[in-house]
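Taking it in order: structure first as structure tokens, then the write-up.
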């Protein structure tokens, strides 16, 4: 397992994982199997690997792929758990497409209502694997499924992947609702509108057919609900609305060095829609736009507006 090397309490993180069998920084309190070996050298970690699992912040995928291209067999298979999209000159690009193009391997995606510490604790959950080559998706299911980690495989891979990215934006809107004490009814409206607009966005940007049934899998409505009530994008957005601190400040205070995906993805989606001339076509009336009760000393609706543009919450505040 490749691990970005860091120093924690005077020790290298790789040494801690290999000797204490615990990732004390990002997954504290959960023991890792002894056959999980942390390696700081990326090329060494992937050398001659038959199966690759990608779990990194989406903004680093280009550099990672460039570094490992040519170091794995051409018939290797990959699966990505990365929840985000890429914004290029031609507009939206899925992370799986970047991996596929740069490395020349088949890539599946795994998305679902899977909060990490609950999965690590062995609590029951479901997840969804999307694979354009269904046999490869079934292979990953055989390798990853346990009695407490139930997997469904679908061939609507692009929709599965988009769900994982877009739900973080809706969660930011849900967090604003919590931070501004809008109430459960308003939060439910944001989540419902967000889901509808996720579906609309997928129908425009997915290359293949989009099945509404995919949104009823764990990658869709289940992950959306979990993230809007328990995810870190929601928590930080709530603090953002209440304190007036920047996203960067809150990441440092609340996430122990981890990066949020929701704010960056929302900015990317907004630019993609604008580039394609779809903002007017896809946006409904602003759900919140600079009006409403000022509910915190440093935050009000005007401090943190949420717009739903085709199911997407676009931050008006500069990132």
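Each residue's number is its place along the chain shown, starting with 1.
Cβ from N, Cα, C; glycine included.
Within the model, the domain 'Glycerol-3-phosphate dehydrogenase NAD-dependent N-terminal' (1-132) shows a mean pLDDT value of 95, rounded to a whole number. Taken from TrEMBL, the feature domain 'Glycerol-3-phosphate dehydrogenase NAD-dependent N-terminal' applies to 1-132.
What TrEMBL records for 4, 60, 116, 232, 259, 261 is NAD(+) binding site. Neighbour density for residue 232 (NAD(+) binding site): within 10 A of its CB lie 22 other CB atoms from the protein chains shown.
Residue 83 (substrate binding site) is surrounded by 25 other CB atoms, counting those within 10 A of its CB over all protein chains shown. Taken from TrEMBL, the feature substrate binding site applies to 83, 232, 233.
Residues or ranges marked as domain 'Glycerol-3-phosphate dehydrogenase NAD-dependent C-terminal' in TrEMBL: 156-278.
Taken residue by residue with DSSP, residue 167 (active site, proton acceptor) is part of a helix. In sequence order, 83, 194, 198, 223, 224, 227, 228 constitute the residues six or more apart from residue 167 (active site, proton acceptor) in its chain with CB-CB distances below 8 Å. Summarising the annotation, TrEMBL assigns active site, proton acceptor to 167.
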C-alpha of residue 261 (NAD(+) binding site) to C-alpha of residue 233 (substrate binding site): distance in Å? 7
Run through the Cβ atoms and count how many others sit within 10 Å of the one on residue 261 (NAD(+) binding site). 25
Excluding 83, 232, 233 themselves, the substrate site's Cβ centre has within 8 Å the residues 168, 171, 227, 231, 234, 260, 261, 262
Whole-number Å value for how far residue 4 (NAD(+) binding site) lies from residue 233 (substrate binding site) (Cα to Cα): 22
Site diameter for NAD(+), Å, by largest Cα distance between 4, 60, 116, 232, 259, 261: 21
How far apart, in angstrom, are the most distant Cα atoms among the substrate-binding residues 83, 232, 233? 13
